[in-house]
Amino acid sequence: MSKQKLLAGLAIVSFAGTIVVNALANLLPINGLNTGEVSSRYPNLFTPDGATFLIWNVIYLLLAGFVILAWSRRHLSVVQQVLPWFIGTNVLNMTWIMVWHHLLIEVSILVMLMLLTVLARIFVTIYAARLTDWKEKVFIRLPFVCYLAWICVATIANAAALLVSYRWQGGPLSPEAWTVMMMIVAASLALFMAWRYQAPAFILVVMWALLGIYLRWRHTEFTGLIYSAMALILALGAAFIAISRKPGEVNAGRA
């Protein structure tokens, strides 16, 4: 068996394992807790409405497209470069589920940071490849733009949960003020990545997360958070339109 076939096969198996582990996390559930129940043990204002996490269905669907395309085009240089890292993301994803459900919050943030780092590596590799075929753009580039964007948001949420587990009260700032700051960080990162790498989909993912935060708290007394979320969503929407209309494509040297 060639190295290309072996990597493509391992990618399929590890991705299937990721889907199964994530499903079992809520069906069994692992350690007697579903993923949302673990999150509810560490309440914080950055956690979005539960429906927001349906984005995982979109991400996994896109990744399934990548796996299929990677098998059929496993001889492509960019696919060969990405596959080992992709397998790593699957292992880290499954590991995170296990440690999160066993309430190992300190370990979970370390695993999340490792996953973020590996996804960033994949992201840079793909954008250096200068893909031109539309199938490669949709099924190689887009899945990892969305995946990386969501894990950026998830890392912030994981860090917030860690601070709650330590019973940190926010110091001189209120939880609402800290949450607004975290939303601004997420929005700023989305703007940078979208502009620098001509990746407007990154903005859409962060907008979705902010919409989830808005929907969860819209009928509460956290007016500063609510209006901040609305303002950031509108600003990101305008940026998405502007960047989407930008002619040309940024390469990895400039982008």
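Residue numbering: from 1, along the chain as shown.
Including glycine, each Cβ sits where the backbone N, Cα and C put it.
Going by TrEMBL, these are the annotated features:
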TRANSMEM  7-30  transmembrane segment
TRANSMEM  50-71  transmembrane segment
TRANSMEM  83-103  transmembrane segment
TRANSMEM  109-132  transmembrane segment
TRANSMEM  144-165  transmembrane segment
TRANSMEM  177-195  transmembrane segment
TRANSMEM  202-219  transmembrane segment
TRANSMEM  225-244  transmembrane segment
Criterion met for the transmembrane segment (144-165) and the transmembrane segment (202-219) (at least three Cβ pairs under 8 Å): yes
Spatial neighbours of the transmembrane segment (83-103) far in sequence, C-beta under 8 Å, 6+ residues away: 7-8, 10-11, 14-15, 17-18, 21-22, 25, 29-31, 33, 35, 38, 41, 66, 70, 74, 111-112, 114-115, 118-119, 121-122, 125, 147
The transmembrane segment (7-30) touching the transmembrane segment (202-219) per 3+ Cβ pairs under 8 Å rule: no
When counting Cβ pairs under 8 Å to the transmembrane segment (7-30), the leader among 50-71, 177-195, 225-244: 50-71
Cβ pairs under 8 Å between the transmembrane segment (177-195) and the transmembrane segment (50-71), at least three: no
